[in-house]
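Student: Got these off Swiss-Prot a minute ago, pasting:
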- 159-170: region 'C-terminal short (CTS) helix' (REGION)
- 1-15: topological domain 'Cytoplasmic' (TOPO_DOM)
- 37-173: topological domain 'Lumenal' (TOPO_DOM)
- 16-36: transmembrane segment (TRANSMEM)
Amino acid sequence: MLGVSGMQPRQLAAQILNFALVLSTAFMMWKGLSVVSDSSSPIVVVLSGSMEPAFQRGDLLFLWNRGLDTQVGEIVVYNVKGKDIPIVHRVVRRYGGGKTPLRLLTKGDNNIADDTELYATSQSFLTRKEDVVGSVVGFIPFVGYVTILLSENPWMKQVMLGLMGVMVVLQRE
């Protein structure tokens, strides 16, 4: 008995399980990085030019969230309440620390003004513990550009997923 494209059912099942193994391995690696870095998003892609020349659009950033004592000049990734896209900017001022919660003011290197306009409506600073996803500890230039292309061209995502599915089904062991 032959299945999809002349494959035996056992071969087809093996291919599907192989594909599931690849996906689950990637997921486990992501979760492992999240635990080690103490960050919900241990890797992010720069989506705009607001941090040029330090980081270009498409750079892949690695985050670390273990040290809660963020200094002025440090580059952090933060989430704004009510928005789902993380922002990568430099800390330009800090308030508090010690017994009082650490509050931060950020600004993009390529921006004229600080980020108070980007923060949530009732927010004039970031709370380190609640808003900051992590501090940038390393990067790989332009590797994340694939992510930008896929988000700006949704049809490319479907084509890539289709090609990956076809490759898994047609691959012979």
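Backbone N, Cα and C atoms are what each Cβ position is placed from, and that goes for glycine too.
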Student: Of the residues in the topological domain 'Lumenal' (37-173), how many are helix, strand and coil by DSSP?
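Tutor: Within the topological domain 'Lumenal' (37-173) the tally stands at 33 helix, 42 strand, 62 coil.
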Student: Who are the chain neighbours of the transmembrane segment (16-36) in space, where the CB to CB distance is under 8 Å and they lie at least 6 residues beyond its ends?
Tutor: 42-43, 165, 168, 171
